[in-house]
């Protein structure tokens, strides 16, 4: 029986020591599911709203007791008796109870915790792993990890403007091999940093955050690490950037101010900056290359570089079908970053991924800076055939938990498992 019998919620801590919401959904037949929601550091202006208490005397105002109370007092009474296997109905009922476009009344953190826990409970009731329950019998593609091994921007207190520098093991033959490659490059990078007396502490997402004089220095270090680890850049491993351009966009002057480098660009100048980097390094993906509302700049970027690399909209699309629809209609970007807490329900997440795939856009399942041990996104990456996942570096248990879950899934699938590899990157297929 998949009828919801009880819903519980509690305040737990995320990987940055901030409170977040965890929910448990229990079913009449004895099955149960538990899920905890993540939280972002650089958040898009158009994201669903996570409800915080604002009490400065408790967790510096970041408590989530209001959201927990909304789960127990508002969502639970309305959902008890409903069928957890009807994900759409469960999510739709919560959206009706909230009644706002941004989920600001009850909190996206309250709604998402229940949405994910309900799916887990239904999967448990059916005796299926979450990826199989959500994705069906065809769910067998393991994603390429975009491993954030060097941090800047909002993820680090340094002069590096670009938020994430990632290694992409697209040339591997399996997820396990790709993960190993990324981990070995990560360790090689640490050795290089130590040799140059640069910081080897890790940031929120497990990547190193050395204070470098310029963004290109980070790329040079990673290329050196790839070489020292014994791999070939541009054949086995590639590079990806999350620029998070909204973070250094000046709305008044409409200029992009790279403070670390002491330079500023208009959108045309910035895309030429990217073009230059892509000609010198094997960059196959750039995320948030323009600010979230600079649609004109995004269009220029897509027209100029869209045929040669993946251009991912994170703050641009915020996992929202309305913003994604505008992007598809105008030919803006060619990929969507998928963050479940940007939109707030699994149903809306599924809708965004399906819309993207129908339009020929790729999708990248993603973590947030503030994570927990919850591994839902690992299962969703396989279930939704995303082909790519961003879940940090090869350190910090909150990041490695997702990688380990993907290793389990690959092992469980056995010979049926397929690694997305180079097939998911349009530019690499064109070079064949």
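Cβ atoms here come from the backbone N, Cα and C positions, even for glycine.
Here is what Swiss-Prot records for this protein:
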- 205: active site, proton donor (ACT_SITE)
- 339: active site, proton acceptor (ACT_SITE)
- 163, 339, 368, 369, 390: (2R)-2-phosphoglycerate binding site (BINDING)
- 242, 287, 314: Mg(2+) binding site (BINDING)
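Using a 10 Å Cα-Cα cut-off around residue 163 ((2R)-2-phosphoglycerate binding site), the recorded positions 205, 242, 314, 339 reduce to 242. Taking CA atoms as the reference points, the residue listed as 'active site, proton acceptor' and residue 287 (Mg(2+) binding site) are 13 Å apart. Of all Cβ atoms in the shown protein chains, 26 besides its own fall within 10 Å of the Cβ of the residue listed as 'active site, proton acceptor'. Ranking the binding-site residues 368, 390 by C-beta neighbours within 10 Å puts 390 at the top. Summary of the Mg(2+) site environment: with the site residues 242, 287, 314 set aside, the chain residues having Cβ atoms within 8 Å of the Cβ mean position are 163, 164, 241, 243, 244, 286, 288, 312, 315, 337, 390.
When Cβ atoms from all protein chains are considered, those within 10 Å of residue 369 ((2R)-2-phosphoglycerate binding site) total 22, not counting its own.
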